[in-house]
Amino acid sequence: MTLRARAISAGRWTSFSAVARSGLQVLQVAVVARFIAPADFGLMALTMAVVTVASLVAEFGIGRAIIHYDDADIRTRSTLYWITLALSAVLSLAIVLAAPLIASLYGKPELGALLAWTAPVLLLTSLGQQFVVVAEKELRFAIPAQNEVVAGIVGFIVCVVGAVAYRAGAFALVAAALASAATSSALAWLRLSHGHRPHFHFDLGPARPFLRMGRFLVGENLVSALVRQADVFVGGFVLSTAALGLFSLPRDLSLRMAMVINQVAMRVGFPVMSRVRHDVAVLRDVYLQMLRMTASVNFPVYVMVGVFADEIVMLLYGAQFRGASDLLRGLSAWGLVRSIANPTGSLLYAVGRVRLAFWWNVAQLVLLPAAYWFGGRLYGADGLVAALIVTQLLLMLPSWRYLVWPCCGATLPEFMRQLAAPFVAAVVCGAAAHLATFALPHGLLRLAVGGVMGGTVYLALSALLNRRWMSVMRDLALQWRTPH
């Protein structure tokens with residue numbers, strides 16, 4: 001099988017996993033939002049922000065280092081496995097011990113217990129993480145994708161039972177995270193570990209190149225995670241818990257929409273670009289194709305969500321979250337611009353420019369929280385959303401100049417051409433959907449009619465303006481029909 005065919009096959013399974021898990025998460029929130037108060041979602045947003053930052057430190061960049069280097073034998077991987085496990089255990093304990101202090105810092109006593117109970121997610125995840133990394137390095141995505149979906153189903157069931165039957169509030173979300181992490185690692189051991197199980201062996205010598213790369217990766221991961229979660233951390237100080245909950249749900253939806261396609265680009269694109277990193281011309285072509293693919297899927301989705309924000313909020317979250325509609329519109333614009341940057345991360349890691357990624361994120365960490373604080377402090381959640389949009393727009397051209405161009409030589413016209421056709425088609429499809437439903441009352445009928453109209457217009461325009469993307473989608477559809 002050629003590299004292109006393997007990448008398409010990998011994309012098929014990763015797409016399946018990403019869509020299924022994101023769908024489960026959206027459905028989970030749609031069910032439990034009727035039984036959990038906005039304030040509980042605000043507390044859980046802070047909890048998961050802390051755990052997310054810690055999880056990236058615990059992984060120490062070892063997974064990406066294993067994919068990057070070609071000579072990771074079982075003895076070296078065993079050493080790396082025990083290092084990751086030990087780091088995860090230490091960080092889990094650190095969160096438990098620091099939970100009261102963090103809760104006191106935010107002035108939210110309920111936050112302490114949530115942090116302490118969620119902390120073991122780090123340790124549970126690390127138990128099976130390396131097996132997934134090795135499978136992805138070999139572009140074997142079928143079993144990891146299946147495992148992720150099963151773990152998502154288990155988490156969904158636990159969350160719904162906890163919220164509906166036991167009225168557990170935010171702790172239902174904690175139980176879901178624990179159940180999903182435990183299931184994922186158990187399945188990784190059962191289905192992916194054959195021939196890769198760690199030995200009782202520890203030798204730092206052969207592992208040092210991986211740790212050196214990981215040293216920079218963990219710094220970049222930590223700073224990157226702080227940048228991604230900065231709006232939540234700042235929001236915890238400048239917004240009430242209920243307002244943070246109203247902000248966090250549409251924010252999570254905006255991120256999750258991009259995650260579906262961007263996770264495919266990251267998990268498939270990173271190994272593919274790593275394989276061709278020594279041929280700059282091929283690397284540039286792969287990157288530009290990834291950029292066009294992500295934009296072609298993300299742009300119309302975000303535009304349509306912005307147009308039908310009222311219907312989506314009422315459908316997913318219910319009347320108590322009605323105030324989140326305007327926030328969702330703004331966060332859709334933010335998500336659209338933000339999605340452009342995702343393939344850049346794969347490019348940087350593929351060519352080993354970890355230090356460049358680190359310093360780029362340091363610059364963001366210095367500048368962005370102040371903007372978030374200013375917007376949130378003066379204008380509440382609306383101001384925080386406005387700050388997110390403005391800062392993301394201001395970062396777009398510098399990210400091309402200092403990240404993309406030095407790594408693969410893609411010029412600014414080449415970069416912008418990948419975005420132009422999807423953007424024009426998305427704006428036109430959004431306008432067509434709005435005009436077609438302008439006279440209809442708010443509700444499911446308006447959402448359904450608008451979705452059909454917008455989707456039809458977008459595909460028709462893409463056939464004229466974006467033929468390369470349509471060709472890739474056709475190949476992907478054929479792969480779905482081909483047994484493997």
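One is the number of the first residue shown, and numbering goes on along the chain from there.
Keep in mind that glycine also has a Cβ here, set from the backbone N, Cα and C atoms.
TrEMBL does not curate its annotations; it predicts them automatically.
Quick look at what TrEMBL annotates:
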- 43-67: transmembrane segment (TRANSMEM)
- 79-102: transmembrane segment (TRANSMEM)
- 114-135: transmembrane segment (TRANSMEM)
- 147-165: transmembrane segment (TRANSMEM)
- 171-190: transmembrane segment (TRANSMEM)
- 233-249: transmembrane segment (TRANSMEM)
- 299-319: transmembrane segment (TRANSMEM)
- 331-351: transmembrane segment (TRANSMEM)
- 358-375: transmembrane segment (TRANSMEM)
- 381-398: transmembrane segment (TRANSMEM)
- 419-438: transmembrane segment (TRANSMEM)
- 444-465: transmembrane segment (TRANSMEM)
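When each of the listed stretches 79-102, 233-249, 381-398, 419-438 is scored by C-beta pairs under 8 angstroms to the transmembrane segment (299-319), 419-438 comes out highest. Residues of the same chain lying 6 or more positions beyond the ends of the transmembrane segment (171-190) and with a Cβ under 8 Å from any Cβ of it are 28, 32, 36, 40, 44, 47-48, 51, 114, 117-118, 120-121, 124-129, 131-132, 144, 147-148, 150-152, 154-156, 158-163, 197. The recorded stretches the transmembrane segment (114-135) and the transmembrane segment (43-67) share 3+ CB pairs below 8 A when only pairs 6 or more apart in sequence are counted, and are therefore in contact.
The transmembrane segment (419-438) is in contact with the transmembrane segment (444-465), judged by 3+ CB-CB distances under 8 Å for residue pairs 6 or more apart in sequence. Ranking 43-67, 147-165, 233-249, 381-398 by CB pairs under 8 A with the transmembrane segment (79-102) puts 43-67 at the top. Sequence-distant contacts of the transmembrane segment (233-249) (same chain, six or more residues past either end, CB-CB distance under 8 Å): 29, 33, 37-46, 49, 106, 108, 226, 316-317, 321, 323-324, 327, 369, 372-373, 376-377, 380-381, 384-385. Note on the transmembrane segment (331-351): residues 64, 68, 217, 250-251, 253-255, 257-258, 261-262, 265-266, 269-270, 273-274, 277, 283, 287, 290-291, 294-295, 298-299, 302-303, 305-306, 309, 357, 385, 388-389, 392-393, 395-396, 399, 403-404, 407-408, 419 of its chain, located 6 or more positions outside it, place their CB under 8 angstroms from a CB of the stretch.
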